[in-house]
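The active site, proton acceptor annotation in TrEMBL covers ASP73. Feature annotation from TrEMBL assigns ATP binding site to GLU26, TYR27, ALA28, GLU77, ASN78, ASP91. Here TrEMBL flags LYS75 as SUMO2 cross-link. Annotated domain 'Protein kinase' per TrEMBL: 1-162, in sequence order.
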Amino acid sequence: SRLKHPHILRLYRYFHEDSLAYLVLEYAPHGSLQKLLSDQAQGYFEEAKAASFVLQIVSAVQYLHARHVMHRDIKPENLLLGTHEKIKVADFGLAIHAPPPNVKRRHFCGTPEYMSPEIIDDQEYSVEVDVWSVGIVAYELLVGHTPFRGEVQPILSYLSSM
């Protein structure tokens, strides 16, 4: 992989065999940030710990955007934990090469609780959608749930009726 950053899960190799693709990825021994969050007795992190995680995520997203990559699915399940609770952004299945600043995308993808209003409203968007998702993750780490919980099903129902 050309992406080499301390907070991005490394892709060492990939290969195809028959109709299957195989990825050889960096090992993240401590699971996902979602699992660590759910293991917290109070259901959220103290401010200092949440801030440490958010700074690591921001560092990775800034690196991606500087290389014109939009992740489009930043969420705790896709944030893995390496040694010493080092965040590793993972799951680049929805990632794309970001268009130039004056060109926007228009494709519905991601996880509803973390999607920006532009994606939900089927509007054009760019790298800012990742920034929105980081904000949702920050809120969740501090409060224990996403800010719009319970509002996802009406959004999905509305979108499926279009």
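Using N, Cα and C of the backbone, Cβ positions are placed for all residues, glycine too.
Given the structure is predicted, the values throughout are model-derived calculations rather than measurements.
Overlay of TrEMBL annotations on the structure.
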residue: GLU26; record: ATP binding site; Cβ contacts under 8 Å, 6 or more apart: LEU9, ARG10, LEU11, TYR12, GLY82, LYS88
residue: TYR27; record: ATP binding site; Cβ contacts under 8 Å, 6 or more apart: GLY82
residue: ALA28; record: ATP binding site; Cβ contacts under 8 Å, 6 or more apart: LEU9, LEU80, LEU81, GLY82, LYS88, ALA90
residue: LYS75; record: SUMO2 cross-link; Cβ contacts under 8 Å, 6 or more apart: GLN34, THR111, GLU113, TYR114, SER133, ILE136, VAL137
residue: GLU77; record: ATP binding site; Cβ contacts under 8 Å, 6 or more apart: SER32, LEU33, GLN34, ASP91
residue: ASN78; record: ATP binding site; Cβ contacts under 8 Å, 6 or more apart: SER32, HIS71, VAL89, ALA90, ASP91
Which of ASP73, ASP91, the listed recorded positions, has fewest other Cβ atoms within 10 Å: ASP91
Diameter of the ATP binding set by C-alpha atoms, the set being GLU26, TYR27, ALA28, GLU77, ASN78, ASP91, in angstrom: 16
Model confidence over the domain 'Protein kinase' (1-162) (mean pLDDT, whole number): 88
